[in-house]
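These features come from Swiss-Prot:
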type: ACT_SITE; residues: S109; note: active site, phosphoserine intermediate
type: BINDING; residues: G35, L36, S37, G38, S39, G40, K41, S42; note: ATP binding site
Amino acid sequence: MALHDENVVWHSHPVTVQQRELHHGHRGVVLWFTGLSGSGKSTVAGALEEALHKLGVSTYLLDGDNVRHGLCSDLGFSDADRKENIRRVGEVANLMVEAGLVVLTAFISPHRAERQMVRERVGEGRFIEVFVDTPLAICEARDPKGLYKKARAGELRNFTGIDSVYEAPESAEIHLNGEQLVTNLVQQLLDLLRQNDIIRS
């Protein structure tokens, strides 16, 4: 908060997070999907949201491309803008967790420091880092948006995995093999959510 905002105060809500969670029938949590472009983050997150929806779980999916059409439309891809992009998404995700939702976020989020920033904002026990680990060669072969081709041709600068670093998680809550079938990965995630009493068995 800026120094000139000392008169802005926090207002507590009469309905607590616990009451909202009781209403939904499950805990609020963020599943933070991270990995290279083309690793399968959005695909797996979308499939998991569909599975959770069928189970009656209240969810919301925040996708890296989609938020840049609105919430983060003023940001580019410099290190500073990428950090601000993740900060904003983290704040939105935190609000949704406080509303009792299971929030799925699919962002490359290449730097450990930014992912840690969101973890600390949301709070331990409510942040699940999901590392979708897919070899660069596989991601590049998939290249659904043609971005790797542009990066290799020098038409796209600061592209993660090519000329911009990706810092892989060192202790993610779950490490997924991005070459496996999506259905297998979704089942692994559902098992994790049940084991941690986030959703009912």
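Every residue gets a Cβ built from N, Cα and C, even glycine.
Keep in mind the model is a prediction, meaning the values are calculated, not measured.
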For the ATP site built from G35, L36, S37, G38, S39, G40, K41, S42, further residues of that chain with CB within 8 A of the site's CB center: T43, A106, I108, V132, T134, C139, G178
Cα-to-Cα gap, L36 (ATP binding site) vs the residue listed as 'active site, phosphoserine intermediate', nearest whole Å: 9
Cβ neighbours of G35 (ATP binding site) where a neighbour is any other Cβ within 10 Å: 28
Pairwise CA distance, S109 (active site, phosphoserine intermediate) versus G40 (ATP binding site), rounded so that it is a whole Å: 14
Which same-chain residues, if any, lie at least 6 apart from K41 (ATP binding site) yet have Cβ under 8 Å of it: F33, T34, G35, G64, A106, F107, I108, V132
Assigned conformation of S42 (ATP binding site) - DSSP reduced to three states: helix
Count of other CB atoms lying within 10 Å of the CB belonging to S39 (ATP binding site): 27
Sparsest-packed of the listed recorded positions (S37, S42, S109) - C-beta count within 10 angstroms: S42
